[in-house]
Amino acid sequence: MNHSNPISKTKSHASNSTHPIHPLNDDDNNNNTNALSNQNLLQNEQPVTTQDTIVTTVNSVPDITSDSSSAPSMSEASSEHKKHHHNTRTDQLIANVTTSSTPPQPSKTTSSFLATFTGVKNSLLGRTNAPAPFFQAVEENKSLLNYLSSVPNPSLSAVQEYERDGAQINATTDEGNTALHLIARTEIISTESVNIVDYLTRKGCDPNRQNDYGWTAAHYALANHNTDLVVYLLKVMVEVNLPTFDIHHGYPTQTQLLHIAARNNDSALIRLLIKTYKARVNIFDENGCTPLHICCYENNIDALKALLENDADFQKGTRLNPHETPISICVKYQHDQCLKALFDYTTNFNWKRYFSQLPRSPLLCDFPSIYGIELLVQHSLDINLCDERGNTFLHYLVAKKSVDYENYIIKLIEASADFNQQNRLGRTPFLEALEQKNFDLIDAFFRHIEFTNINVVDSLSNTALHYCKYLDKNDIYEAVFRSNPSSLNAQNRDGQTPLHDAVLVDNYSFARFLLQKGADLSLVDKDGNTPLHLSARDDNSKMCRLLMKYPNLDLIAVNKMGKTPLHLACANEKPNAAAILINKMKIEQMNLLDRQGRTPLHECADNLNGSLAKYLIRHGADVNAKDIRQNSPLHLATEKGNIELVLTLIKSPNVDINPLNADAQSPLALAILYT
C-alpha cells in the first residue's frame with residue numbers, strides 16, 4: 001500500500017499512543033469534588049486489537065467514491081444516515097472460520113471459493129452489497145484503529161486510504177470503541193472531525209453504538225469540548241437518554257450527556273439537550289448525583305442556571321445521602337454564587353416552610369461563608385435552629401479553627417442569633433469555647449460581652465469558672481472571675497468546686513489563682529473529699545505542697561468513710577503524698593481511725609511494697625491498733641499474704657504477734673488457714 005507521508009508518520013507513532021478513549025469507572029462512589037472532576041472523565045486507551053468474531057455489514061451504502069476529496073455536507077449526511085441506518089450481522093459461521101488474528105494470504109482458489117460461498121449466502125439473505133469478509137482485513141483494521149487513536153489530528157483522506165486498503169469501517173477495539181469513538185476523542189476541534197464522522201456514519205457506523213463502558217461517541221466529543229461534533233452527532237443519534245452499562249465492572253454507569261455538559265459548565269448544550277432532544281434533567285449518574293448536584297459541587301454557575309430554567313429538582317438529595325441537597329452542597333463548599341442563583345431562580349418557592357421541615361439546618365450540615373449566612377437568613381432560615389443535640393450554628397462555630405470569628409459574630413448579631421442558647425448538656429457557645437480551648441472565639445465573646453451571659457451554668461451546675469480548669473490563661477481566669485465572683489466556691493452537682501476540678505486535672509496555675517482569690521479549702525464533694533483528699537489520693541505532691549501553704553488547711557479532715565487524706569494516700573500506695581502529710585502531722589493524727597476502725601497502717605495491708613509501712617512505723621504509727629473486727633495490721637497483712645509487711649511488723653519491737661480478733665483467730669491461725 002502506497003501511503004501518503006502523514007499516514008506513514010502516524011503509523012510509526014501508533015505504538016506510543018496515550019490518548020484516553022473511555023471514562024474512568026471508580027468503584028468507590030462518593031460525592032466529593034474530586035470524584036466529579038473533569039480529569040476523571042477519561043482513561044487511557046489500551047493497545048488496539050480488533051474483535052474478529054462478529055462482522056457488521058450494511059444493507060445499502062451511499063454511492064461515495066473512495067477518491068473523493070471532501071466529505072458530503074452535514075445535512076446530506078443526516079438525511080442519508082436516517083435512510084440507511086439499519087445494521088445487520090453476517091452469519092456467525094463465517095466469523096468462526098478464522099481463529100488467528102493474522103491469517104495466511106488465501107490462494108486464488110480459496111478466494112474464488114469464498115467469493116462463491118459469500119455470493120450464495122448473500123443471494124439467500126437478499127444482500128447484494130455486503131463487504132468482503134471481515135477476517136480478511138484484520139491487520140488493516142488494526143492499522144486504521146491505531147491511526148485514529150494515536151494521531152491528534154486525523155484526516156479524512158487518510159481514513160479513506162485505509163478503507164481502500166481493506167480496513168472495515170465498523171471495526172472495534174477490545175473495549176468496544178469504534179472509529180467514531182476514536183475520532184470523538186482526538187484533540188482536533190474543527191470541521192475536519194465533523195467531516196470524518198459524517199463520512200463514517202454515511203458508510204454505516206452507528207452513532208448510537210456504546211463501548212464496553214457504556215459511552216457513545218457523543219459522550220467523548222462532549223467531554224473533549226468538541227461542540228460542533230456533539231451537535232452533529234445529536235442530529236444523527238436515535239436516543240440521547242440511552243442507558244449505559246459497564247460490562248467490565250458489571251453495573252450501570254448511568255453517565256448521561258447532560259452530566260458531562262454540567263461538568264463542562266456548557267449551558268448552551270444543556271439547553272439544547274433538554275429542549276430539543278428531551279434529555280432527562282433529574283437522572284442520577286454512577287456517583288448518585290444529578291446534573292444539578294454536579295453544578296453545585298463544581299461551582300458551575302452557568303450550567304446551574306440553565307438547569308434551573310428547565311425544572312431541575314433543587315430539593316432532591318444525592319442517591320447516597322438524601323440530605324446532600326443542592327443547598328447544602330453550596331453551603332458546604334461555600335459556593336455562594338451558586339447559592340444565590342438557587343434562590344434567584346426559585347423566588348416563588350416557600351423557603352421558610354422548606355427549611356422548617358428539614359431534619360437539620362443547612363447551617364449545621366456544613367459551614368457557610370458569612371455571605372452564605374446572609375443569603376440563608378434573607379430567605380427565612382431560622383438562625384437559632386439546632387440539631388438533635390441542641391447545638392446551634394454558634395456551637396458549631398466553636399469547632400472551626402482559623403476563621404474570622406469577629407465578622408461571623410457581627411453577622412450573627414445582625415441576624416439576632418441567641419448567644420446564650422444551651423444544648424442538651426446545658427452548654428452555651430461560650431462554655432463550649434472554654435471546653436475546646438478556642439481562645440480566639442473566647443476573646444470575640446468578651447468583646448461582645450453585652451450579648452454573652454458568662455453566668456450560665458450547664459446541666460451539671462458547672463459554672464464558667466469550672467470550665468477554666470482546661471485553660472492556662474490567667475487573663476481568662478480573671479475575666480471570668482470578675483464577671484461572677486460568687487462562682488469562686490460554687491459547687492456543681494457532684495459537690496465539686498472549681499478548686500476540686502483544678503486538682504483533679506492537675507492545673508497548677510488555675511489552682512494557685514483560685515487560692516489567691518480566697519477559695520475555700522474545707523468544702524467537700526459528694527464523697528466528702530476536700531481538695532487535699534484528691535491530691536493525696538492521686539499522689540500529686542506538687543499540689544499537696546501548694547495547698548499546705550495556706551494555714552486554714554485541715555490535714556485531718558475526714559470524708560464520708562471517715563478517712564483522712566493520709567488514709568487515702570496509704571490505701572492507694574502513694575508514698576510521695578503520704579510522706580508530705582506524715583512530716584506535717586502529729587503521732588496521734590497518724591493513728592486516727594476511720595469508720596471501720598482502721599488506721600493508715602491498716603490501709604497498707606494491700607500494698608505490695610512495704611516501704612510506706614516502714615515509714616509510718618518509723619514515725620510512730622501504732623503497730624497494735626485494732627479495727628472494729630479486732631484485726632491488727634498483722635492480721636490483715638497475714639490474711640492478704642503480704643509477706644513483706646508481715647516481716648516488717650514482726651521486727652517491730654512493740655508488736656503483739658498473738659492477738660486474737662473477733663473470730664478468736666491469731667495471725668498464726670490466719671497464716672495456716674490461708675497458706
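Cβ from N, Cα, C; glycine included.
Predicted, not measured: the structure shown is a model, and the values here were computed from it.
Some features that TrEMBL has for this protein:
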COMPBIAS  1-19  compositional bias 'Polar residues'
REGION    1-36  region 'Disordered'
REGION    61-91  region 'Disordered'
COMPBIAS  66-77  compositional bias 'Low complexity'
REPEAT    175-212  repeat 'ANK'
REPEAT    287-319  repeat 'ANK'
REPEAT    389-424  repeat 'ANK'
REPEAT    494-526  repeat 'ANK'
REPEAT    527-549  repeat 'ANK'
REPEAT    596-628  repeat 'ANK'
REPEAT    629-662  repeat 'ANK'
In the repeat 'ANK' (175-212), how many residues does DSSP call helix, how many strand, and how many coil? 19 helix, 0 strand, 19 coil
Could you break down the residues of the repeat 'ANK' (389-424) into DSSP helix, strand and coil, giving a count for each? 17 helix, 0 strand, 19 coil
Do any residues, 6 or more residues outside the repeat 'ANK' (494-526), come within under 8 Å Cβ-to-Cβ of it, and if so which ones? 460, 463, 465-466, 468-472, 474, 477-478, 481, 487-488, 532, 534-535, 538, 540, 542-543, 546-547, 549-550, 552-554, 557, 559
When secondary structure is assigned with DSSP, how many helix, strand and coil residues does the repeat 'ANK' (494-526) contain? 16 helix, 0 strand, 17 coil
Based on DSSP, tally up the residues of the repeat 'ANK' (596-628) by helix, strand and coil. 15 helix, 0 strand, 18 coil
Tell me, roughly as an integer, the mean pLDDT over the repeat 'ANK' (527-549). 97
Take the repeat 'ANK' (629-662) and count its residues per DSSP category (helix H/G/I, strand E/B, coil), listing them in that order. 16 helix, 0 strand, 18 coil
Kindly report the helix/strand/coil residue split of the repeat 'ANK' (287-319) according to DSSP, in that order. 17 helix, 0 strand, 16 coil
Tally of helix, strand and coil residues over the repeat 'ANK' (527-549) according to DSSP? 14 helix, 0 strand, 9 coil
